[in-house]
Structures are given as C-alpha cells and as structure tokens.
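What TrEMBL records for this protein:
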DOMAIN    59-292  domain 'Radical SAM core'
BINDING   CYS73, CYS77, CYS80  [4Fe-4S] cluster binding site
BINDING   PHE79, GLU185  S-adenosyl-L-methionine binding site
Amino acid sequence: MALGTIAIQDKSLTGVAEKVLHGERLTLEDGVALFHSNDLLTIGQLANFVNQKKNGDNVYFLQNLYINPTNVCEAHCKFCGFRRDQGEDGAYTMNMEELLHYVETRFHPGIREFHIVGGHNQHMPFDYYLDTLRTLKKAYPDVTIKSYTGAEIEFFSRISGLSIREVLQELMKAGLQSLTGGGAEILTERYRMKMSPEKASTDMYLQVHRTAHELGLKTHTTMLYGSIETLEERVIHMLRLRELQDDTNGFMVFIPLAVQPIKATAGIKRRNSAIDDLKTMAISRLMLDNFQHIKAYFINIGTQLTQLSLTMGISDAHGTLIEERISHAAGALTQQALTVDELVWLIKGAGKRALERDTFYNVIKEH
C-alpha cells in the first residue's frame, strides 16, 4: 500500500503512517501521538493494513466455557465487582462435586476450551487449585485447560511457598495447558499501587509469563484501560509486553479490555467511548508488531463495535463463553455469551472469513 492511498486527515500522522507502511517499528512517542490524534479512520486503515499482512481476511473464534470456581478474594482491586470476602453475601467456593455439576449442566461436545479464573481465595490451599484442574482434565480429557492469570500464579506461589516455576510445573502436571491473560491491568507501578496494590507487581506479572514461556506454555495477555491510566501508560504497557514477546515469542494474543463502571473506586464516571475503544484496539495492532493476533472482547464493548473492529486490525472475535461473570459483575450490559451462529454472522457481516479454532489457533473448520 502506498501512502497516497490513505486519506490522512491529521497530517501529524504522516511520519507514523510511513513507518507502518514500510514495516518499521513504532516508538513510545509514535504510540502517544496516535492516541492524541482524532483521525480514527487513518489509524484504523493503518491497523487494517498490518492485520491484512498478518492474517488476511481470517477472523478466528472458538467454542469455550468460562469457569469461575470461587469469588472469594484477598485482593480489593478498585475496578472489581466480582470479589467477595469469605462469609459475605454472594460469596462462593465450589467443591469438586459442584464444579463438575456446573460444567455438566453447560457442556456440549463442541466446547474445546475451559477458561478458568477466580478469586485469590486465601482460605483454600494450593491443592484446591490443582484439584480443580485434575478434576476437569479427568472428566474432559479432550478439552484444553486455559487457566489462571499471572496474578493468580503469583498468589499461588505465596500461599504454597513454591517458586513461580515450581507452581507452574505443578499446575502443568495437573492439566494446565495455557495461561489466561488477566491480571495485567496496566503495567506501571503508579497505576497498580492505586488500583490493585495487593496483586502481582508489573515485574512479577511479566516474570510469570516469561517463566511460563520458558516452560513451553503459550499464553494470553490483556490491558484493562479506561480508568486512571494516562495515554502514555497504555503505550508503556504495550511496549513492556512487546519487549517480552521479542525475547520469548510466547504470547498468542493481546486483548484490550475496556473497564466497566459499576465501582465508583474505578476512577471513571461513564462507560468508555466507542472512539476510544476502536482507537485502542487499532493502536494495539500497530504497536504490537510481534503479536499475531489482537482480540476484541465483545463482553466489554458489545457485538456491533466488535464487528466494526474487524476492519480496524482485529483478527479474533473471541468465543461462545456460555456464561461470563466477572465483567458483568462490574457492570457490563452486553450478552453473557454468543452462539456459534451469532459469531459467524458477526464475522461474515464484516466481510471476513469465519474460522473456528482451538486454543492454539489451529483451525478446526471454516464456517
């Protein structure tokens, strides 16, 4: 694509556009300039150019089931509406029988992945979290277990006395096949000390994923945006992940997550704007040149914006989920799940190829 084929309205983006079209890596200053620009169409075109080179018209989704074994949590993150204290109204911790019943009443043969995250429940031993994986793997040996966040892994290390590497090795023996992306929030200490001071630090989150990659696990990662972070911090977050990806190539996908506004302590007064959502997803595609996929999380931004994002750098429309709880506890107004037909309609409606995948982006079938 030649520069002249892009109708750049914000001429200050000309240099950035030239870099993108020539395959040059963008800097912190470039990312901040993109966020400060109101020229969404140019940013979207550039992101689409990058995505077309990486993925063509392919958009991926999978059939998965979300499982949250406990909402009891020692942390008090200011953006979270899901957590409860032990004994508080609404608090729960599934035993293994309850866990199996939960899955059995929602499972169907098309499900390829269990996505398992929960609270940092200090009242349960590390063995509880191992047994969760063992129980599910025994009952559903063909389903991939993508489980626990980087922050949960750090928590398991503290309650077990094991190193991060040892925790991951024990979880892998129990059935762990990939880590989820949560717990990243914003990877600066200023943000974390204000919003989630009891959870893993920036360095620890990155170290967990580095160690997982060294052990052969492919993982996911996220960014929770739209509260007290600066635009520069969003770009710093991306660059820290990009640097780790340069070293390990262990991340499969980056997932920008718009914060939900139910908690006054989250530092926001209203839902994130559609413009900022689209811009953030597109800039993620431009900055994270060593990531194969950027995912749109329809739970937080809705299906219509998800569909539009497929023309602005997004190559993953997520999955069926069956029942999402965490974002909805924080105030999400979207559907808790989508059917395969709904996902296929969404993808094809954007003029894309709908490819059903497994956890590792192996194509199962084209719809």
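Using N, Cα and C of the backbone, Cβ positions are placed for all residues, glycine too.
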Compute the mean position of the Cβ atoms of CYS73, CYS77, CYS80, which form the recorded [4Fe-4S] cluster site, and then list in sequence order the other residues of that chain whose Cβ is within 8 Å of it.
-> ALA75, HIS76, PHE79, PHE82, ARG83, GLY119, SER196, LYS199
Measuring Cα to Cα, tell me the gap between PHE79 (S-adenosyl-L-methionine binding site) and CYS73 ([4Fe-4S] cluster binding site) in whole angstrom.
-> 14
Alpha-carbon distance [GLU185 (S-adenosyl-L-methionine binding site); CYS73 ([4Fe-4S] cluster binding site)] in Å = 17
Near PHE79 (S-adenosyl-L-methionine binding site), how many other Cβ atoms are within 10 Å of its Cβ?
-> 24
Could you measure between GLU185 (S-adenosyl-L-methionine binding site) and CYS77 ([4Fe-4S] cluster binding site) for me? Cα positions, answer in whole angstrom.
-> 10
Neighbour tally for GLU185 (S-adenosyl-L-methionine binding site), based on other Cβ positions within 10 Å of its Cβ = 26
When pLDDT is averaged across the domain 'Radical SAM core' (59-292), the result is 96
